[in-house]
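*Asks:* Quick one: the structure is below, and I'll ask about it shortly.
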Amino acid sequence: MAKNKTGGFKFPFKLPIFRKFGHDEKPAEQAQNVDKSPPLLKLVFFIVDWSKTQIISNVFEEEKVRFHFISKATGTARTEILDLLGIGSSEKALVLCLEQEVLVPVLLKEVRKKLGFHNPGAGIAFTVPLSGINTPLLRVFKESIHQNEKIVFEKQGGAPMAAETKSEINNDLIIAVINRGYSEEFMTAAREAGAIGGTVIDARGLSHEGPVKFFGVSVQDEKEVVLILTNREKKVPIMQAVSQTCGLASKAEGLVFALPVDSVLGLSFE
Amino acid sequence: MNKVLKEKIMEAFSSVLPITAIVIIASIIFVPMSAGIIIMFIVGAALLIIGMGFFTLGADMAMMPMGEGIGAQLTKGQNMLLAVGISFLMGVIITIAEPDLMVLALQLAKSLNIWVLIITVGLGVGIFMAIAVLRVIIGVPLRFLLLFFYGITFALAFYMTKNGNTAFVPVSFDSGGVTTGPITVPFMLAMCVGVASLRGDKSAKNDSFGFVALCSIGPIISVMALGVVLQITNVPPNSLPEEEITAIAGYTDRDVFEAFLFEFPDTIKNVGTALGAILVFFFIFQLITRRFHRHQLVRILVGFVYTFIGLVVFLTGVDVGFIPVGSLFGSELGASPIKWVLIPLSMVIGYFIVAAEPAVHVLNKQVEEVSQGAITQKVMAKALAIGMALALGIAMVRILFNISILYILVPGYAFALLLTFFVPPIFTGIAFDSGGVCSGPMTSTFLLPFAIGACATAGHMDDAFGIVAMVAMTPLVVVQLLGLVFSFKQKKLAASQLEQKADTIGGVSEDEAGHITVFEEGPAYG
């Protein structure tokens, strides 16, 4: 049966990119001795126009960013009317990557320069802290930490980088998983509660009961994931609004939660 | 200006402008034309741009979500018989609705009742649509089915040639290519993705293409069967009468305006019935499943209006503006002493005309979407352009040297089918789909008259049909070759990554590999 076939075809973006750094490799024990506290890692989100993914990819190449992934997403319309007329939403790419905290400002600055994030609507970027990681992955970061620090100092003209990463803005990322087809209703509610925009990703549900089998093929629920970046004051009203219209009790069967976001680029809340 | 609107207009512009420029330049050099015809052509091109913009927007908003929704619901329903029944009905309805088929049927009107042909083709598509849905649900590799059905097709073709029925073979292949046009393609593509999208296994992505491929075979077989049953041996093409071209040559601006104006009601009627049939089916579907809710329904309806406007404007543009130019072009060149110019010129035209096929954009976009950007629209566009250029080159050689179509189709398809064993399955699906997608309204309204014109003056009348078959065949080879290159690069990349992987995390012990580091304290959150 065909479902056992892998086809041998994979897509380059989805593969984590492992890169070897120029300096000599240290033995495992030494590497762990380099610093006792693990380097703080961030998950960096970029939401940009789909046509600009190549630019992001080039920046990643230059900055030697490892472990990046891309997914196709849809931006939401500014108003309901624009959405109904079909000229509101646009194609977006959601790019995720792991990066050390110290390197995040460098990366964001570079992306901002290449993409022109200062122009409104060009895209947004933000970071979310990690709370755990599997150790081999961490070691890849550790091994290059010394070199990275040097790069950071050079690029920032020797300025201390800790201050840069502590952002003054307090933002949150609201994530909702809803049944396919309800994202417009979701956004209508969110917009009324003060959300500026959102991004929708198509997804498939995986329940703990296991998927339903249909002639040997597993059939799974169609879902949509909606991401809304917002400032802290609006977080609760938005979450309340969307939970009321698209919550678990509704047909959308929405799960809504929020993640803390530390640095944000390209968004203005005014 | 609105970004999405701007993008659509730019896309339409860049698709239609090159082919318009080339035809005008070529007409200055090789075939001097009267101002009347050129004005008609330019107005036609302008309508094409507007129509295409609306059409692609409408396809995005209405046809795609609808197709995907119906496809997904079929799998979800868990009822095989119902799934097969609905897809059969769906196939018949959308085929009867396809305006391209009407164009071909009219060109064959001398030897066949148009409704006999349309219904035959509809049944062929319906049956194969059901087969296509079954295939994705059960999970049979596409290449086995393609091998099997193309085997039957060619056996039939040989049987017909043996019985002196050569003229009908190209017509059958043409109807296969033509049937999959601007209305059916977005729908079939989306439906296929929808059926495959619910599958959680690894090959789901590979099965996201292939509906159009199978649905293009249906008409070939059913029309051939019709030819055998009705004993049709002679197919005179319906070329534009000489008087009409001379009449157009003397057109004033008011005549041009009237020509377009009088065409509109006809097209509105055709497109209206086509979309109406789909709309009725959709509403029945919606009433039963209640899949879409208010907001989505409004969006789909608005999308329907866009599709309607787009298709009416587009088809009027090609029908009035392009048929005379194509016909004149072909006949003048075929009669001229520099006949060989037909070959390079038509290759250039082929290279640029494929971008003006509306369904091509839908396919390219879908490919980019399903592959998450790994196969870009640009790469696809280039591959299809090369395929189209090859197709027209071969078709012209065939017309000039009077080569039997089977001598070209048999090795072509044999090679394409052979490639399916070496190419990643997703590329097989895309390639065989693109064959049907490339042969849309531009082919049937510009290239077909062009070929008929060339044939009329260069001799062998029955070679005219078959150009669509060429257009439907070469992309199979080109896109699969692209897939071959792609998989080769992929393997190389994977190999080098494996090396790097070994370098970076080579020394990981089993213990460490399963170990987790927890960051004790994240930054203080508000």
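Every residue gets a Cβ built from N, Cα and C, even glycine.
Okay, these came from TrEMBL:
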TRANSMEM  B:12-31  transmembrane segment
TRANSMEM  B:37-59  transmembrane segment
TRANSMEM  B:112-137  transmembrane segment
TRANSMEM  B:144-161  transmembrane segment
TRANSMEM  B:210-232  transmembrane segment
TRANSMEM  B:271-288  transmembrane segment
TRANSMEM  B:300-323  transmembrane segment
TRANSMEM  B:343-363  transmembrane segment
TRANSMEM  B:384-407  transmembrane segment
TRANSMEM  B:413-432  transmembrane segment
TRANSMEM  B:444-461  transmembrane segment
TRANSMEM  B:467-488  transmembrane segment
*Asks:* The transmembrane segment (B:413-432) and the transmembrane segment (B:444-461): do they have three or more Cβ pairs under 8 Å, with pairs 6 or more apart in sequence?
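*Replies:* In this chain the transmembrane segment (B:444-461) does not contact the transmembrane segment (B:413-432) - fewer than 3 Cβ pairs sit under 8 Å.
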*Asks:* Between the stretches B:112-137, B:271-288, B:300-323, B:343-363, B:413-432, which one has more Cβ pairs under 8 Å with the transmembrane segment (B:144-161) than any other?
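*Replies:* It is B:413-432 that shares the most Cβ pairs under 8 Å with the transmembrane segment (B:144-161).
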*Asks:* Would you kindly list the residues that approach the transmembrane segment (B:12-31) from elsewhere in its chain, counting only those six or more residues past its ends and only Cβ-Cβ distances under 8 Å?
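*Replies:* Apart from its flanks, the transmembrane segment (B:12-31) reaches 38, 41-42, 45, 48-50, 52-53, 56, 325, 328-329, 332-333, 336, 338, 341, 345, 348-349, 352-353, 355-356, 361.
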*Asks:* Let me spell it out: take the transmembrane segment (B:467-488), skip the flanking residues so only those 6+ beyond its ends count, and list any with a Cβ under 8 Å from a Cβ in it.
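*Replies:* Residues 104, 170, 173-174, 176-178, 216, 350, 375, 379-380, 383-384, 386-388, 390-392, 394-395, 398, 405, 408-409, 412-413, 415-416, 419-420, 422-424, 426-428, 430-432, 434-439, 443-444, 447-448, 451.
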*Asks:* Count the CB pairs under 8 A between the transmembrane segment (B:112-137) and each of B:37-59, B:210-232, B:271-288, B:300-323, B:343-363, then give me the winner.
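*Replies:* Highest pair count goes to B:210-232.
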*Asks:* For the transmembrane segment (B:271-288), I need the partner stretch with the highest count of C-beta pairs below 8 angstroms, choosing only from B:37-59, B:210-232, B:300-323, B:343-363.
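*Replies:* Result: B:300-323.
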*Asks:* Would you kindly list the residues that approach the transmembrane segment (B:37-59) from elsewhere in its chain, counting only those six or more residues past its ends and only Cβ-Cβ distances under 8 Å?
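*Replies:* Sequence-distant neighbours of the transmembrane segment (B:37-59): 4, 8-9, 11-13, 15-17, 20, 23-24, 27, 182, 186, 245, 248-249, 251, 253, 256, 259-260, 303-318, 320-322, 324-325, 328, 356, 358, 361-362.
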*Asks:* Checking distant contacts: for the transmembrane segment (B:343-363), what same-chain residues at least six beyond its ends satisfy Cβ-Cβ under 8 A?
*Replies:* 11, 14-16, 18-19, 22-23, 26, 30, 48, 51-52, 55-56, 59, 63-64, 180-182, 185-186, 189, 310, 314, 333, 377, 380-381, 384-393, 395-397, 400, 430, 433-434, 437-438, 440-443, 446-447, 450, 471
